[in-house]
Amino acid sequence: MTAELLNGRELSDQLKEEMKQEVELLKQKDIHPHLTVILVGDNPASKSYVKGKEKACAVTGISSDLIELPGSVSEEELLQVIENQNNDKHVHGILVQLPLPDHIDEQKVIHAITPLKDVDGFHPINIGKLVNGEETFLPCTPFGILTMLESKNIDIEGKHAVIIGRSNIVGKPMGLLLLERNATVTYCHSRTKNLREMASEADILVVAMGRQHAVDGSYVKEGAVVIDVGINRMDNGKLTGDVDFESAKEKASYITPVPRGVGPMTITMLLKNTIKAAKGLSEK
Ligand SMILES: Nc1nc(=O)c2c([nH]1)NC[C@@H]1CN(c3ccc(C(=O)N[C@@H](CCC(=O)O)C(=O)O)cc3)C=[N+]21
């Protein structure tokens, strides 16, 4: 089998086109969706992701501000900046780009963002809602993956989903979302024994390990759906995933490329969440 491509770039462009119309309508009702992105320090990868987010906002008519703080900023100052954004009625979404410098407690920062503007879906209140199956801001990467699966009408119910990686922002919420849609979910991670065996049981394999080409075709069951969340920069400057695309695509039914797979969808779901926040806050 040669897999069909799940093209995140293409789907993103389509969704952004739809959102542009929606934003237009909101503006007619005097709701002007606005995202504030807070960037601490000058990590080049973070800077480039943040640029992508600003560009995507602009394309859909969402206004955005970038607040750049020096890497030396104190936790207290950062918390104050967040508080100001919480209280600013023109601001609907707040995103603090991660990772943060070591002297800042990431969890404390996430707690400080009001859940109503938590467009990343990282606040424990929103995570709690996700666990309960209540409606909430879904974390952007898992939300993007789900949207890609749905766009191809890929069955989730009763399927065995294997998630490799247990981060708070990707692995854990991904499993919860698939469970909510009646998948049987297995979490694997760095201490998992017989990873290859576990992975090759998957109907839906989500790889979020952060290790270049850690998973190849020998981990993939014939006909499986393979989702590659990895973004690794190779020595030649090009991006590549956690999955060895060439060997995996020979076994998979669907597969995401890197780049142009999960990454663009992550940004697009951030826009979706910002629009949702704007609508939600306007009703208060
Ligand atoms: N608070 C917070 N929220 C995040 O959502 C968040 C974060 N922090 N920290 C870092 C990760 C990473 N992330 C990406 C988003 C888009 C691409 C993306 O668009 N990638 C393109 C390639 C981009 C390029 O060429 O550099 C692609 O895969 O095609 C990648 C990575 C969001 N993150």
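A Cβ is built for glycine as well, from the same backbone N, Cα and C atoms used for every other residue.
Please treat TrEMBL annotations as automatic predictions, because they have not gone through curation.
For GLY165 (NADP(+) binding site), the Cβ neighbour count at a 10 Å cut-off comes to 23, with all displayed protein chains included. Residues annotated as NADP(+) binding site in TrEMBL: GLY165, ARG166, SER167, ILE231.
Under the heading domain 'Tetrahydrofolate dehydrogenase/cyclohydrolase catalytic', TrEMBL lists 6-120. DSSP states for the domain 'Tetrahydrofolate dehydrogenase/cyclohydrolase catalytic' (6-120), grouped as helix (H, G, I), strand (E, B) and coil, give 61 helix, 18 strand, 36 coil.
Taken from TrEMBL, the feature domain 'Tetrahydrofolate dehydrogenase/cyclohydrolase NAD(P)-binding' applies to 139-279.
In the three-state DSSP reading, GLY165 (NADP(+) binding site) counts as coil. Maximum C-alpha to C-alpha distance over the listed NADP(+)-binding residues GLY165, ARG166, SER167, ILE231 is 16 Å. Within the model, the domain 'Tetrahydrofolate dehydrogenase/cyclohydrolase catalytic' (6-120) carries an average pLDDT of 97.
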